[in-house]
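Feature annotations, courtesy of TrEMBL:
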type: COMPBIAS; residues: 485-495; note: compositional bias 'Basic and acidic residues'
type: REGION; residues: 485-510; note: region 'Disordered'
type: TRANSMEM; residues: 31-49; note: transmembrane segment
type: TRANSMEM; residues: 92-114; note: transmembrane segment
type: TRANSMEM; residues: 121-142; note: transmembrane segment
type: TRANSMEM; residues: 223-246; note: transmembrane segment
type: TRANSMEM; residues: 275-293; note: transmembrane segment
type: TRANSMEM; residues: 313-333; note: transmembrane segment
type: TRANSMEM; residues: 340-358; note: transmembrane segment
type: TRANSMEM; residues: 364-386; note: transmembrane segment
type: TRANSMEM; residues: 407-430; note: transmembrane segment
type: TRANSMEM; residues: 450-474; note: transmembrane segment
Amino acid sequence: LPGGTNARSRLQESRERLSVCSKLCYAVGGAPYQITGCALGFFLQIYLLDVAQLDAFYASIILFVGRAWDAITDPMVGFFISKSSWTCFGRLMPWIIFSTPFAVISYILIWFVPDISRGQVMWYLVFYCIFQTLVTCFHVPYSALTMFISREQSERDSATAYRMTVEVLGTVLGTAIQGQIVGKVDTPCIESPLFIGMTNSSVALEELNMTHDTGSLTDTRNAYMIAAGVIGGLYILCALILWAGVREKRESSELQSDEPVSFFQGLKLVMNHGAYIKLIAGFLFTSLGFMLLEGNFALFCTYTLGFRNEFHNILLAIMLSATLTIPFWQWFLTRFGKKTAVYVGISSAIPFLIMVVVLDSNLIVTYIVAVAAGISVAAAFLLPWSMLPDVVDDFKLQHPSSHGHEAIFFSFYVFFTKFTSGVSLGISTLSLDFAGYQTRGCSQPSEVNFTLKMLVSAAPVVLILLGLLLFKLYPIDEEKRRKNKKALQDLREESNSSSESDNTELASIV
């Protein structure tokens, strides 16, 4: 019997093993969210301020409301997915495919400057919110798909590593496409009048600036539209590859019962699961730190460091470094455990965040710091999504009769990080407004430069340290993870053997 059990276990593992092609197709599906998210995260703020020429206060409203709405749509979509029935394409894939064309249209319209004197704020707010809703209809089911591509934990971890590599590559593409296309056009700035007391000189200078800027600002707007079109095409291509190469698998226990899942009952169970809450608490603050850095880094490079024509290359250096080090962090977490990888990987960003504001502005030093910071960004990308399936497995062991709550786990995980990041991004843009940010200025007041230093260094460092302290409470270490894996395997074998005996009994009756 033990030999038969081991043979059956090995056979089950071989059936659940994913091919490299399947893992790659699955991983490619994560790129659209990261490509668009990176382009919006790094460039939307400076686009609204210096290209669309919105007041910093209104830009902060758009960024905050858009992010907050994005956060709210995650549990909403999670609710509707949990109520969705299985189709010939699965339960999650139809959401991904049908949302894609509308998401691409709304994304392109975000980067369009409408020729209207009033209503520009509403234009960007509406299309930003529409896009966030549609991309959520793509990303939440895609994230939950992790639990349906294989029942083997090692295969899911491997697929997650593929996914994180492609997603970080997606951030590189988003940064490269947006940055290189837009960076080839010089966005005009307005010099402050040197002779404030001389009215005629000020008027002449303003007229000269307006005449000089009209053509180049139009070129800048066209560049943003071209970048949006290229990114939109990649979004559609990645969705088609995901649809063609990945198939959802249903748990054997789910096949026996198709009773509708109670969303609110499931939500209550999920929110009472201690490991889930502690994982969210830890990564909430670390994610906030990196998102503050992301949202303000373009402005910091442009004004505080003075690298107006280099910031897109600096961003590209960060993302390339992150992409190349994803395999290293995958090896590290396998060798030393996921909690150790969290402490080492994410804390390694702190000295470089301090260096970038303490050292004098130097382009070579900035590139070195960017490459080093990218190593930590890779860990911040990989680890949260690698650990969440462990929490779902732990939940399944504690609630073996409860099924179909994967979308709740993934949607609320994204909800908390997005909502708080929306608050922080809105506050950061509002802080720049209070500091006296000059729209399209060639330079900024010292108060703005000080605020930018706080937003890309001091605040992220404090948030990362808080997150790491909270993460000490996370209960699933490597030993617990191995025990959960074995217990789940035993549970599945018991379920399969009982199903086989039921089928044998039914056949004998017939």
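Glycine is treated like the rest: Cβ placed from N, Cα and C.
TrEMBL does not curate its annotations; it predicts them automatically.
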Counting Cβ pairs under 8 Å to the transmembrane segment (31-49), which of 92-114, 121-142, 275-293, 313-333, 407-430 comes out on top?
121-142
Summarise the compositional bias 'Basic and acidic residues' (485-495) as counts of helix, strand and coil residues per DSSP.
11 helix, 0 strand, 0 coil
Does the transmembrane segment (92-114) come close to the transmembrane segment (275-293), meaning at least 3 CB pairs under 8 Å for residues 6 or more apart?
no
Do the transmembrane segment (364-386) and the transmembrane segment (121-142) share at least 3 Cβ pairs under 8 Å, sequence separation 6 or more?
no
Winner by Cβ pairs under 8 Å against the transmembrane segment (407-430), considering only 92-114, 121-142, 450-474:
121-142
With the greatest number of Cβ pairs under 8 Å to the transmembrane segment (313-333), the stretch among 121-142, 340-358, 450-474 is 340-358
Mind checking which residues of the chain, 6+ beyond the ends of the transmembrane segment (340-358), have their Cβ under 8 Å from one of its Cβ atoms?
282, 286, 290, 293, 304, 329, 332-333, 365-366, 369, 372-373, 375-380, 383, 453, 456-457, 460-461, 464-465, 467-468, 471
Residues outside the transmembrane segment (121-142) whose C-beta sits under 8 Å from one of its C-beta atoms, at least 6 past its ends, are 29-30, 32-33, 36-37, 48, 52, 54, 58, 61-62, 65-67, 69-70, 73-74, 77-78, 81, 91-93, 95-96, 98-100, 102-103, 106-107, 109-110, 114, 239, 242, 407, 410-411, 414
